[in-house]
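In what follows, a structure is listed as structure tokens, so that the remarks can point back to it.
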Amino acid sequence: MVLCFPLLLLLLVLWGPVCLLHAWPKHLTRAHWFEIQHIQPSPLQCNRAMSGINNYTQHCKHQNTFLHDSFQNVAAVCDLLSIICKNRQHNCHQSSKPVNMTDCRLTSGKYPQCRYSAAGLYKFFIVACDPPQKSDPPYKLVPVHLDSIL
């Protein structure tokens, strides 16, 4: 039993930073955080677009993809057939057509001086969807995670 406590403590210390990378600001719903991170109907330059995300998290996010479409159109993907997500959950949905998107990747800097490169893409995407929370738009399901780009 004495040996278990140090191992548990080590696990918690190592797991803490991983959890922070996937956490969202608690005053936002997961759908609203998804919208902030991934919905950008009109393309913006990556340095500018990413500063909005980084200001919430107080660090330079290493990579982010912006879908150049409306939240309504992306939420409509949630009505399509469910598929298995990367995490083995069954709440993912693939877009029926490709969309324009921008992939932003951190090239240098420390928060708040984060610098990004941009790559324009035209691809399909997969989103994880959940039932909406009270302050979310009134759809049956709303996107909460960008699972992959195809």
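Start at 1 and count along the chain as shown; that gives each residue its number.
Keep in mind that glycine also has a Cβ here, set from the backbone N, Cα and C atoms.
When Swiss-Prot is consulted, the disulfide partner of Cys46, picked from Cys4, Cys92, Cys104, turns out to be Cys104.
Of the listed candidates (Arg48, Arg105), Swiss-Prot assigns Arg105 to the same substrate site as Lys61, His62, Gln63, Asn64, Thr65, Lys86. Within the set Cys4, Cys114, Cys129, Swiss-Prot assigns Cys114 as the partner of Cys60, by disulphide bond. Within the set Cys85, Cys92, Cys129, the cysteine that Swiss-Prot bonds to Cys78 via a disulfide is Cys129.
Residue density at Cys129 (disulfide bond): 26 other Cβ atoms are found within 10 A of its Cβ, drawing on all protein chains shown.
Among the recorded positions listed here, namely His38, Cys78, Asn100, Cys129, His38 has its C-alpha nearest to that of Cys60 (disulfide bond).
Residue pair Cys114 (disulfide bond) / His145 (active site, proton donor) shows a Cα separation of 23 Å.
Between the C-alpha atoms of Cys129 (disulfide bond) and Asn100 (N-linked glycosylation site), the distance comes to 20 Å. Mapped onto three states, the DSSP output places His145 (active site, proton donor) in strand. Summary: among the recorded positions (His38, Lys61, His145), the fewest other C-beta atoms within 10 A of the C-beta are counted at Lys61.
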